[in-house]
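These notes are about the structure you will find just below.
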Amino acid sequence: MTCQRCQDEAVVHLTELVDGRRKETHLCVACARASGLSLPDAPPDFGLDAVLQDLIKKHVGELVGELAESTCPDCRLRYMDFRTGGRLGCPHDYQVFRKGLLPMLQRFHGATRHVGKRARARPGASLRLRLRSQLRQAVAREDYEEAARLRDQIRLKDQHA
Amino acid sequence: MTLDDLTRTSGEWLRGAGPESDIVMCSRIRLARNLADFPFTNRASRNEKAGIESQVKSAVDAAGLDVAYFDVNGMNNLDRQFLVERQIISRELAGGEGPRGVAVTPKENISIMVNEEDHLRIQYMLSGFRLNEVWDEITALDDQLEDDIAYAYSSSLGYLTACPTNVGTGIRVGVMLHLPGIVANKQIDKVFRALQKINLAVRGLYGEGSQAFGDFYQISNQQTLGKSEEEIIKILTDVVPQVLQFERSARQDLVTGRRQHLHDQVSRAYGVLKTAQTISSEETMLLLSSVRMGINLGLIDDLSISTVNELFIQTQPAFLQKLRGSELGVEERNVARASYLRSRLANGRAVEDE
Ligand SMILES: [Zn+2]
Ligand SMILES: [Zn+2]
């Protein structure tokens, strides 16, 4: 079943009575959220991973392996998590999952390029996010000297915020 | 300003003023923004959410706005519900967790939600059909906040948001319409379908989920990428007048075709609201809707539109309970609602107030 708004895979199926007639609605997670429907936080568990893999395979074809395994180094969101929950974890995810996102943006918005208001250029604006993931990596490899240095740098940045 | 102060005032957007205010309740624009330095709210730790909150609060302070900040995290459920009823916060913010809150002006035309789905949800609302004016105000406010906040932004994808359905401009442009005529002549589904074809969303204004109460509907854009803010606003300013025309001719048909029936319906609705001893929220909405249309068609002349607009908000459960200063069960609320309606409509503000 495909979403009636964007041809994505529909996961929300509604039946309502309008003027005595049955009205069926089929939507993907993104379109259901966009139309103001509140979705349960945890999706029902019926071997979802397998189902999802199947959906993604149909959806992004060749990219599956590479995309399905990709994880954002900064917020550690997996592409799979995004496909399940419909939410990204941090600004860098737009870069990390670009290949999967662009077709989705094209379907939903009919475009993949921003026109309109521009934000002020701020080089290094997302530095803190990078430092944070470096800190996590340093702790993971037990390089506590480096971890301490990064922690101080983050603290310094927080104080200047 | 405290939460209790809000029980004694009402928002500018309920004034029933501005162009086309017989049908257009208010114009609203929302901008979704995120800080470049942090994960989005759903991936942020408690500490990070607190960091986001303090950065936004200081940017709001620096902007010199006359706002009160309400800490939604430390708030009881009744107060959260009260803010939802007033359209100051979303259900999502009310039901979220961790550090979060909202900055709101005394007139309630500006609200800035912090740590909702996006770090900032900046909202600007004015009564009547005034989208261009709302845009001028909100983009200026956005610029001011940007003096102190580095937004998550990419030159190709625009403002980066937690959900890809908001990326680009991050803008949601909405107009709240009172459409009792189109509902009465059963053309509302047709209008919905026509609007959906041009990628506009329609949803009910009050009540649970997407169900409409009191014949209020919000029309808003869905797509946020690939068109400028002005282009998106233009779609709404082109389309809404057609809906208004449709509603006006539906109302005219009611007046010419079934004048006596209509007058009877409006008068009975007004009568019930003025005399009921117990009344549900749903019935109140339906009757207020009839009365509101009756005023616009000149069938009622001793009541102002702004009073009716306020009553839509002030007969909701949390408002009644805050007014009483205690929690009330459904039956007690129905009695309190009827009593409040009787007192407001007995010495309700007369038409000359407007
Ligand atoms: Zn969809
Ligand atoms: Zn990320």
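A Cβ is built for glycine as well, from the same backbone N, Cα and C atoms used for every other residue.
Record features, source TrEMBL:
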- B:23-250: domain 'Phosphagen kinase C-terminal' (DOMAIN)
- B:26-30, B:R121, B:172-176, B:203-208: ATP binding site (BINDING)
Number of other Cβ atoms within 10 Å of the Cβ of B:I29 (ATP binding site) across all protein chains: 26
Lowest local Cβ density (other Cβ within 10 Å) among binding-site residues: B:R172, B:G204: B:G204
Three-state secondary structure, B:G204 (ATP binding site) (per DSSP): strand
Neighbourhood of B:V175 (ATP binding site) by C-beta distance under 8 A, where only residues 6 or more apart in the same chain count: B:V24, B:C26, B:S27, B:R28, B:F129, B:L131, B:Q218, B:I219, B:S220, B:L236, B:V240
Integer mean pLDDT for the domain 'Phosphagen kinase C-terminal' (B:23-250): 92
